[in-house]
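Annotated in TrEMBL:
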{"type": "ACT_SITE", "residues": "340", "note": "active site, proton donor"}
{"type": "BINDING", "residues": "229, 271, 272, 273, 274", "note": "pyridoxal 5'-phosphate binding site"}
{"type": "BINDING", "residues": "274, 309, 313, 341", "note": "substrate binding site"}
{"type": "DOMAIN", "residues": "31-277", "note": "domain 'Orn/DAP/Arg decarboxylase 2 N-terminal'"}
{"type": "DOMAIN", "residues": "279-367", "note": "domain 'Orn/DAP/Arg decarboxylase 2 C-terminal'"}
{"type": "MOD_RES", "residues": "55", "note": "N6-(pyridoxal phosphate)lysine"}
Ligand SMILES: Cc1ncc(COP(=O)(O)O)c(C=O)c1O
């Protein structure tokens, strides 16, 4: 896959006239079309639901678009629950997949009628005590050494999440006695994974487990959630996961392991984030400075507070210098931000066209786990989010923070008391 952008330099300059860089820019039409592709691929699956992982892009305008397309919300915190509620996503359209959860978050999730997905067997008693047991409950499974995870998420047996297999069996029996009537099963073992067979293996593993749970406890699982984790082609040459292949293989496993065993109908659900919005958002920035010492640097007006993935995981994000798309990539730069951290680099030793201060640099695939991971270290202010509407209008969907926002939690007046 070659990496292109749906914006020309002239179009972007027009946007920048009104909205100063840096900002994240999302493409509504592309998000909608992608959402429809996923739903169409899984149209065969009874009651199929994608609960968009709110943590990926926690902006109400994005959530509303996805709600209109038929998605629910996967929330992992109180703030995400409130965000979903404000957008109008409530009841079983919310999946609450949290861990180390405080009591008040369970209370809020229960109030909203969300599907509560417990991360640990000890949370059964905790939930019962603080919020009361809902009619439906889901458990998160950690397969431990049975699966290898992948680079970003790590080994399941070293991950803090989920129940062991033995705890699952015990847990379903416990909640059955507490009056729970409907049951779900969830896992998430990969992150940013481009191999569809890894996600298919997760489906097969859960389908097998559903039979085992039924045989051991008599509990019939009503829905499975395969988690998030489908990757996107961040690098040129990588390909998106083939949703039709994914769907076809999951359907084959569903028929063999669920229908043939008399365990249907089983609702199939997911909580993808990155794959839903990642490719359809970018970080737009301007070059402030160039610096030539032992290496050549270009310095942007964005920094890792706007997009942390390269600094955090050494992740690759493609970079386009607008207006220079066809220039030879005959210069090599470290593309840096202004944070006092040496790993504040969007790219290291990247071959790019010659860059000069004032150039507009667009960092691709920042539509998920991008702005969302922002932070205020070094007094960096979180930047704006913009939405390109299908009619060509550009809407500000989150304003940039101001210094007043940054200082809002401090009381300077009582300094001398
Ligand atoms: C529990 C859970 N579900 C879903 C997601 C979304 O993952 P992705 O954006 O990779 O699809 C995450 C990501 O951190 C997660 O922790």
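Backbone N, Cα and C atoms are what each Cβ position is placed from, and that goes for glycine too.
Not measured: the values here are computed from a predicted model.
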Near residue 55 (N6-(pyridoxal phosphate)lysine), which recorded positions out of 273, 309, 313, 340, 341 have their CA within 10 Å?
273
At a 10 A cut-off on CB-CB distances, which of the recorded positions 272, 340 has the highest count?
272
Taking 8 Å from the centroid of the Cβ atoms of 229, 271, 272, 273, 274 as the cut-off, which other residues in that chain fall inside it around the pyridoxal 5'-phosphate site?
53, 56, 227, 228, 230, 270, 275, 276, 368
For residue 274 (pyridoxal 5'-phosphate binding site) and the residue listed as 'active site, proton donor', determine the Cα separation and express it in whole Å.
28
For ligand 1, list the binding-site residues among 273, 274, 313 whose CB atom is within a distance below 6 Å of it, in sequence order.
273, 274
Any idea what the Cα distance is from residue 340 (active site, proton donor) over to residue 273 (pyridoxal 5'-phosphate binding site), rounded to a whole Å?
30
Work out how many Å separate residue 272 (pyridoxal 5'-phosphate binding site) and residue 341 (substrate binding site) at their Cα atoms, rounded off.
31
Among all the protein chains here, how many other CB atoms are within 10 A of the CB of residue 274 (pyridoxal 5'-phosphate binding site)?
24
Looking only at C-alpha atoms, tell me how far residue 341 (substrate binding site) is from residue 271 (pyridoxal 5'-phosphate binding site), rounded to the nearest Å.
33
For the domain 'Orn/DAP/Arg decarboxylase 2 C-terminal' (279-367), the number of residues DSSP places in helix, strand and coil:
7 helix, 38 strand, 44 coil
Have a look at the binding-site residues 229, 271, 273 and say which one has the shortest Cα distance to residue 313 (substrate binding site).
229
Quick one: pull the CA-CA distance for residue 273 (pyridoxal 5'-phosphate binding site) versus residue 309 (substrate binding site), whole Å only.
15
Please report the number of other Cβ atoms within 10 Å of the Cβ of residue 313 (substrate binding site).
13
How would DSSP class residue 229 (pyridoxal 5'-phosphate binding site) in three states?
coil
